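Chemist: First, the structure itself, so that you have it in front of you.
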Amino acid sequence: MCSLPRGFEPPAPEDLGRQSSAELRERLRRQERLLRNEKFICKLPDKGKKISDTIAKLKAAISEREEVRGRTELFHPVSVDCKLRHKATTRVDTDIDKAQNSDLMLDTSSLVPECSSVDIESSKTTSETQGPTHLTHKGNEETLATGCTVNTCPSARITTQDPSSEVNEHLPQHSSQVEEISSSVDSLFITKLQKITIADQTEPSEENTSTENFPGLQSETPKKPHYMKVLEMRAKNPVPPPHKFKTNVLPTQQSDSSSHCHKGQSPASSEEHRRRARQHLDDVTAARLLPLHHLPAQLLSIEESLALQKEQKQNYEEMQAKLAAQKLAERLNIKMQSFNPEGESSGRYREVRDEDDAQSSDEC
């Protein structure tokens, strides 16, 4: 066996079954384009043998896919026909179930014959509250279990065929059953309508009997709407008006002031309270301006305003001249010092001479 170089692993076998037909065709097109390049094929050591092998494999896989696809297309209309028949059978089953449910509803509505519409409605409400009916569905048979005895009328019973039977035989049987059920429902509906009688509302006997039979109706009293309850509660417990918001006032002080106002103080006490509030504001907050150190603004005539402007301009020019002279002196290093041309000796001479004059005057 020839030893492979280190780090080299043989390529894994390609699984063409996982790839789609479009991917296989794309690979086939690329391999054929490589095979048509003669210069590239001549440079290969195997002269394009691997490429030709892969092309053959791809063609075989594509042909196999096409064959499988053709077989599935042959069975496509059969599957569509089966689906349509299955849908038709399910529709027939649902129609039968609806007819049976309507039949059962008509049976339960005819528990008490020859009674008024009010009695029928009250019996429906009591039957829903006291004796609820239970419907049990087993296969295609339905049984009605109620708290009281119920007169059930004959209804068509449906039996299902085996799933292995043909659909063509199943459809006409169901259609005949549906027709029978619809005719029985119509006849039942007509009989129930004939049994119902409209009673006169002026007769007090039937109303009394209906109320005696159903005491739950007497206990029901008309309830007040919610907004009426809220209005009555608000009238009994009135809410005080909200206090106005005041700046720079603590909530406790505001509550105290509101309580004092409600008690009804004298005008003198209210003035005292205002004075204290102002003093508190002046001491604590900076909401007020400081007292003025100068007189407030005054109206001046045109002559006075011109004189003030000229004076201000002169002062400004003098200040500018002083600043310019100071800057020039600093730039030229000129230092202004006291000048004494006689020096210190002249001063001393004068002082000594004065002493001599004093001595001579003493001797005299």
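Along the chain as shown, residues are numbered 1 onward.
Heads up, the Cβ atoms here are built off N, Cα and C, so glycines get one too.
So Swiss-Prot has the following annotated:
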type    : residues : note
REGION  : 1-23     : region 'Disordered'
COILED  : 15-39    : coiled coil
REGION  : 121-142  : region 'Disordered'
REGION  : 200-223  : region 'Disordered'
REGION  : 223-294  : region 'Interaction with Pol II'
REGION  : 235-278  : region 'Disordered'
MOD_RES : Ser266   : phosphoserine
COILED  : 297-331  : coiled coil
REGION  : 311-336  : region 'Interaction with Pol II'
REGION  : 335-364  : region 'Disordered'
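Burial and contacts for the listed features, if you can.
Modeler: Same-chain neighbours of the coiled coil (15-39): 48, 51-52, 54-55, 57-59, 61-62, 65-66, counting only residues six or more beyond its ends whose CB sits under 8 Å from a CB of the stretch.
For the coiled coil (297-331), the model's pLDDT averages out at 93.
Counting same-chain residues at least six beyond the ends of the region 'Interaction with Pol II' (311-336), none has a Cβ under 8 angstroms from any Cβ of the stretch.
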